[in-house]
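Working notes, beginning with the structure itself.
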C-alpha cells in the first residue's frame with residue numbers, strides 16, 4: 001500500500017493535474033487538501049480538454065474523489081463544475097465524490113471583499129484572483145466561518161448566514177463605500193446549494209481511515225505551488241493556505257505515518273502569474289518562445305504567465321520543505337529547439353553568493369541568477385515513451401537537475417496528452 005502526495009515545487013502551474021490524472025490509475029482515492037477555485041488543472045484525455053478547479057482530477061478515472069477540510073469551497077463553482085463534468089459523461093455522484101463536513105464555504109461577501117480590497121491597494125496589488133479565498137480563510141481563522149456541516153441544518157444555516165451577510169455589509173459600506181449585498185437573495189441562493197450538495201457532505205477523515213484499514217491506496221492532490229505557501233512562499237505574494245506536503249495531513253484529517261512519499265512537480269522551466277519577485281524571469285525572445293510554445297496562460301485567470309529559466313535554488317529548497325522523494329518534470333518538450341539551456345545554480349546578492357532561497361522578497365528581488373549552461377536539443381520528443389529514447393542532451397539536462405536538487409526524476413512529461421509521458425519510477429509501484 002502506498003499513499004502519495006503530489007505538490008508543485010514552483011509558483012503553481014507546474015502541470016500537477018496531468019500527473020495526478022496519470023497516477024490516479026494506481027490509486028483508489030484522490031484527495032484535494034488545500035486551496036480553493038483559485039487554482040485550475042487542465043487535462044487532455046483522448047484529445048479532449050477538461051479544466052477542473054475543485055473536483056479532484058481523479059474523477060476522470062472513475063476514482064473516489066474527496067475534498068478535504070483544508071479546502072475552501074465556493075458552492076456556486078462546485079455545483080457548476082459538477083454539472084459540466086456530468087454533461088460530458090463523467091460520473092459525479094455521491095458514491096464517487098464527497099466534500100468534508102469541516103470544509104469552509106466561500107460566501108458571496110468573501111468575493112466582494114477580495115475585489116474591493118485589491119482595488120483599494122492600487123499599485124500595491126498582490127495579484128489576487130478575486131475569488132474570495134483569502135477572506136474565507138480569514139473568517140476560518142477568526143472563527144466566523146460557515147462550514148459544510150452547517151448546511152445540514154437549514155434553519156440554523158439561514159440564521160447564521162443572514163447574520164454574517166449583515167455584518168459584512170456594514171464592513172463593505174463603511175470601509176470601502178461598496179454597495180451592500182442582498183441578504184435575502186444571498187441566503188436563498190446558498191440554501192439552494194445546500195439542498196443540492198447535502199448528499200455529498202461527509203466525514204472525509206473517517207473515509208480515509210477506513211481506506212487505510214482496508215489497504216487501499218490514496219493520492220493527495222495539492223494545488224498552487226511551494227512558493228505560494230502562506231508560510232514558506234514569497235510573502236506577501238502568496239496564497240492563503242499551506243501548499244507544502246505537510247498540509248496533506250492537516251487538510252485531509254490523517255496522520256503523518258499514513259504518507260509513503262511526496263512527488264514534486266517541476267516545470268522544465270519556470271513560470272509565474274501575477275506580482276512578486278522572479279530571479280530567472282526572461283524578457284527576451286527566449287521568454288516569448290517559452291510563453292508561446294508552452295501556451296502559458298492561467299487555467300483559472302487566463303492571465304499570461306511570466307517565463308524564465310529553471311531555478312535549482314528554489315527547487316532544492318522546495319525539496320527540503322516538502323520532503324520530496326521524487327520529481328516529475330513537465331513540459332520538457334517546450335524546450336525543444338533551443339540551442340542552449342540555462343539552469344540557475346545560485347544567486348548573487350550584494351557581492352555575495354547565496355545557495356539558499358531567501359525569505360525576504362526585497363532580498364529576492366535584488367538577487368541576480370548565477371547560470372550554468374547546458375546543451376539543448378533539436379529532436380521532437382513528443383512521441384518518446386522511454387527515457388532511453390530521449391536525446392542525449394535531454395537526458396543530461398534531467399540528470400543535472402537530479403544532481404543539483406538531490407532528488408531523482410521519476411516521471412517526465414513530453415506533451416499535454418495523458419499518454420505523452422515517460423514513467424521511469426512509478427511512485428505507487
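Just so it is clear, glycine is given a Cβ too, placed from its N, Cα and C backbone atoms.
Feature annotations, courtesy of Swiss-Prot:
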| type | residues | note |
| --- | --- | --- |
| ACT_SITE | 13 | active site, proton acceptor |
| ACT_SITE | 41 | active site, proton donor |
| BINDING | 12-18, 40-42, 305, 331-333, 413-415 | GTP binding site |
| BINDING | 13, 40 | Mg(2+) binding site |
| BINDING | 13, 14, 15, 16, 38, 39, 40, 41, 129, 143, 224, 239, 303 | IMP binding site |
| BINDING | 299, 300, 301, 302, 303, 304, 305 | substrate binding site |
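This view paints the features noted in Swiss-Prot onto the structure.
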residue: 38; record: IMP binding site; CB count, 10 Å: 27
residue: 40; record: Mg(2+) binding site; CB count, 10 Å: 19
residue: 41; record: active site, proton donor; CB count, 10 Å: 24
residue: 42; record: GTP binding site; CB count, 10 Å: 19
residue: 129; record: IMP binding site; CB count, 10 Å: 23
residue: 303; record: IMP binding site; CB count, 10 Å: 13
residue: 304; record: substrate binding site; CB count, 10 Å: 12
residue: 305; record: substrate binding site; CB count, 10 Å: 21
residue: 332; record: GTP binding site; CB count, 10 Å: 25
residue: 414; record: GTP binding site; CB count, 10 Å: 25
| task | Using a 10 angstroms cut-off on Cβ to Cβ distances, just flag whichever of 12, 15, 302 is the loneliest among these binding-site residues. | result | 302
| remark: Longest inter-residue Cα distance for the IMP binders 13, 14, 15, 16, 38, 39, 40, 41, 129, 143, 224, 239, 303, rounded to the nearest angstrom, is 34
| request: Name the one residue among 38, 40, 41, 129, 303 whose Cα is closest in three-dimensional space to that of residue 15 (GTP binding site); these are the recorded positions. | output: 41
| What is the interatomic distance between the Cα atoms of residue 303 (IMP binding site) and residue 13 (active site, proton acceptor), given in whole Å? | 12
| query | How big is the Cα-to-Cα gap, in Å, between residue 304 (substrate binding site) and residue 42 (GTP binding site)? | reply | 15
| query | From the Cα of residue 13 (active site, proton acceptor) across to the Cα of residue 224 (IMP binding site), what is the distance in angstrom? | reply | 7
| task | Using C-alpha positions only, work out which of the recorded positions 38, 41, 129, 305 is nearest to residue 414 (GTP binding site). | result | 41
| note | residue 41 (active site, proton donor) falls, by DSSP collapsed to helix, strand or coil, into strand
| said: When you rank 13, 38, 129, 302 by Cα distance to residue 332 (GTP binding site), which of the recorded positions ends up on top as the closest? | reply: 13
